Amino acid sequence: MTQPGTNHHRPTNHNRSKTAPAGGGVRPRKNGFHHHHNQEKVDAQNNVLKKPEDASNTDWDINIPIPKLSVRNSSFLVASLSLLCYLNSCYGDFVFDDTEAVLSNKDVKPETPIIEVLQDDFWGERITKNHSHKSYRPLTVLSFRLNYILSGGFHPFSFHLTNVVLHTIISVFSLRIFSILLSDLSCLHRRLEAEKFRRKTFPAPRASLLCALLFTAHPIHTESVAGVVGRADLLSAAFFFLSFFFYVSALQKDGGHFLLSLLYSILCCTASMLCKEQGITVIGVCIVYDVILNCQVDMLRIFQRSQIPTKSQGSSHPRWLPSLATRLSIMTLCAVVLLAGRFFIMGSGPPPFQPSDNPASFADGILTRVTNYNFIYALNLWLLIFPRWLCFDWSMGCVSLIQSANDIRLLAPVALWVLLGGLIYRSVVGPPSHGKRVLTMALALLIIPFLPASNLFLRVGFVIAERVLYLPSLGFCMLLTLMVDAVSRSSVSKKAVQCLLVILLAYYVGRCIQRNQDWMTEERLYKAGLDVCPRNAKVHYNIGKNAADSGSLDEAVTYYRQALSLNPVYDQAMNNLANLLKDQGHLTEAEELLHKAVQIKPQFAAAWMNLGIVQAANKKYTEAEQSYKMALSHRHRYADCYFNLGNMYLELRRDNEALGAWLNATSFQSDHARAWSNAVVHFESLGQYETAILVAKEAMKHVPQEPSIYFGLGNVLGKEGRYQEAEENFLQAIQLNPKMANYHGNLGVLYHRWGKYSKAKKHYTSALELDPESRNARNNLKKLQQTMTKMKSKKNAGQ
């Protein structure tokens, strides 16, 4: 084989005997690309390979019943289809996981140092902690931060539009990727066609376009595109494509150019992995491409240990083998290094998932686990075939375990392996051909990107996740295109298939638009999930949570109880239901639920804190203090817990400890407004006015829009007789929250003392309008009226 850096081509001697390389019937060239002798001829005088005379008719996809379009027209069609499918998703809100991964993620805000983004998981928690989800996607988080900066805050349109644009770019780029995977051209042909791609045409134009259209419009992508957190899948796919493209480009080059393209491929693979862990599977796809399509190795002959053809010089190995072995060794080493780095970053062990997250992985007996895994694989394939039943979450009873040999669902994994077995048999048995190699590549694209979600290597925290099918759908679209080609041999079948393709794409578009509507709001999303998975406890839990957030407390209690009836050990539902019951005064039941929650999940810090709150309300102060400390032992920087602990200490008249707890809360969460406000009020109650003023001014640096801080400062300044400054702060508090009766009432008191009686009367009246039951405002207004009456009487007497 020609070594990197060599630019000479040895003229082929057509008069001497030739032996075919193993399994491929091809001759190597440069770093790995090969050519068929019946496709190219050599011009001995110029020492270059020539295109065959019939090269213009080499399109194998001529039977596919869609038009042959130029690159520009194909790209425009694919981009238009993407916008048609997903443009309405731009008007959606932040829903489901968007709240935790975007809105509540401190790493999204620009004030968080970049170094912290690199140390945290996808949800903003330190990745080395035991309770971390262990998903490491810093590039995705930084893309959220860029959205935040460019749009000036959390404006969902900007975030959704970015997703749509990304999917459109990926879809257009998929034309090039599919063309590479589907074309049957030699190295020089690929170079020539690469030039054509930039101008007018490209290899396998019909098949590539059909694959791209199917990929663009497939409804399985709605979760990745319509959900903001789906950005991880989109960015990972974009770098996945780039990594594969640079690897293919490296195969066409020599020396330094080869190494540079290979380096680009590895860097893009790393970037893909830093967007989502699934990105590392591009290395497997590159290896399969190199072996099957580039070197055209006949795997069946290798497995049968047939004699390897040799060169005429008598070498025992094919000429392409050393170069292939080098490339595969480099890529395998990179995979090992990336995986080692990923586990090093993760720090502690894998995330602590619960049986309800992924019941099959916790099932007793390997046979039960394997059976249920295969049933889940079959369901994933079914969602690709018929994406009618889509749900935001498939855990907690949505897919019950197969535990009996009489379960009719066993037919699903049987059908799956019959289908896959048939496809694998067709791809390896019989004489090697381009169609068989493309079929093998399609299967590789379907299976390899899915491996991280298969539970074969690590337990995952879900049963089915539509988002993980974004990349595997590439292989599915190739399989569907190969099937279309196979059945479109006659003019009659061509027309029938063409009609079916139009119907299929129309269904895809309609289903995408409809599913985007589900992703518009949490209420729609969860209600749609209830139609698909009525036995999914998490669906009922999320409907309950959404109802509680909107103020429908009775409805929320109903759905939380339904979630617990479906999953009696659902700790989060217990915690949320207990909070509602506590607010409704049902303290005994709330305490019982929280005790169960922490028994089920001892590291559940929020449940420990809420248990402390309920116990304190029941006057069980010793137990409450222990519960608070248990919460802090599991989450050391738990600001809310310190705040509530401080409130209990204040109730027990342990003033110094209360103040220390509130200041701890502000040190761990600088924008904890209630802790700042309590600290200001506490210093005021101790008569330490100057300290209270200093604390209030420090608080304003962190929570400049918090009215309670201005209100507290106004009270302190008023007691010091600094009326004008106090007035400014009271007015600022009212401007930020004009509906607070006590803000108006205290400003009225200030004006009353200041002698500005008309203004005092105005604000006392405003306070009573907002809170007619305010005794202080009523008494103060009465005193003011008496004072004004006396003044009026004195004035009249003086006249």
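For all residues, glycine too, the Cβ spot is worked out from N, Cα and C.
These come from TrEMBL:
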- 1-34: region 'Disordered' (REGION)
- 7-17: compositional bias 'Basic residues' (COMPBIAS)
- 164-183: transmembrane segment (TRANSMEM)
- 204-222: transmembrane segment (TRANSMEM)
- 234-251: transmembrane segment (TRANSMEM)
- 258-274: transmembrane segment (TRANSMEM)
- 280-303: transmembrane segment (TRANSMEM)
- 324-345: transmembrane segment (TRANSMEM)
- 349-420: domain 'DUF1736' (DOMAIN)
- 375-396: transmembrane segment (TRANSMEM)
- 408-426: transmembrane segment (TRANSMEM)
- 438-457: transmembrane segment (TRANSMEM)
- 469-486: transmembrane segment (TRANSMEM)
- 537-570: repeat 'TPR' (REPEAT)
- 571-604: repeat 'TPR' (REPEAT)
- 605-638: repeat 'TPR' (REPEAT)
- 707-740: repeat 'TPR' (REPEAT)
- 741-774: repeat 'TPR' (REPEAT)
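In the repeat 'TPR' (707-740), helix, strand and coil residues by DSSP number 27 helix, 0 strand, 7 coil. In summary, the transmembrane segment (204-222) lies against the transmembrane segment (375-396): three or more C-beta pairs, each 6 or more positions apart in sequence, are under 8 Å. Note on the repeat 'TPR' (741-774): DSSP counts are 28 helix, 0 strand, 6 coil. For the repeat 'TPR' (537-570), the list of distant contacts is 96, 356, 391, 393, 395-398, 522-523, 526-527, 529-530, 576-577, 580-581, 583-584, 600: same-chain residues at least six beyond its ends, Cβ to Cβ under 8 Å. Within the chain, the transmembrane segment (280-303) has long-range Cβ neighbours (under 8 A, six or more residues past its boundaries) at 22-26, 28, 32-34, 181, 240, 243-244, 247-248, 251, 265, 268-269, 272-273, 320, 324, 327-328, 331-332, 334-335, 338-339, 342, 428-429, 432, 437-438, 440-441, 444-445, 448-449, 451-452, 471. Stretch with the largest number of CB pairs closer than 8 A to the transmembrane segment (324-345), among 258-274, 375-396, 408-426, 438-457: 258-274.
A contact links the transmembrane segment (375-396) to the transmembrane segment (469-486), because at least 3 Cβ pairs that are 6 or more residues apart lie under 8 A. Panel annotation: around the repeat 'TPR' (741-774), residues 707, 711, 714-715, 718, 723, 726-727, 730-731, 733-734, 780-781, 783-785, 787-788, 791 of the same chain, lying at least six beyond its termini, place a Cβ under 8 Å from a Cβ of the stretch. With a threshold of 8 Å between CB atoms, the same-chain residues lying at least 6 positions outside the transmembrane segment (469-486) that come near it are 61, 63-65, 174, 177-178, 181-182, 207, 210-212, 214-215, 218, 220-221, 224, 233-234, 236-237, 240, 278, 281, 380-381, 383-384, 423, 435, 438-439, 441-447, 449-450, 497, 501.
Long-range contacts of the transmembrane segment (234-251) within its own chain (CB-CB distance under 8 A, at least 6 residues past either end) are made by residues 30-33, 139-140, 143, 163, 166-167, 169-170, 173-174, 176-177, 180, 224-225, 258-259, 261-262, 264-266, 268-269, 271-273, 275-276, 278-279, 281-282, 285-286, 289-290, 294, 449, 470-471. Helix, strand and coil residue tallies for the repeat 'TPR' (537-570), in that order: 27 helix, 0 strand, 7 coil [DSSP]. Residue counts for the repeat 'TPR' (571-604) under DSSP, helix first, then strand, then coil, are 27 helix, 0 strand, 7 coil.
Using DSSP to sort the residues of the domain 'DUF1736' (349-420) gives these counts of helix, strand and coil: 37 helix, 0 strand, 35 coil.
According to DSSP, the repeat 'TPR' (605-638) comprises 27 helix, 0 strand, 7 coil.
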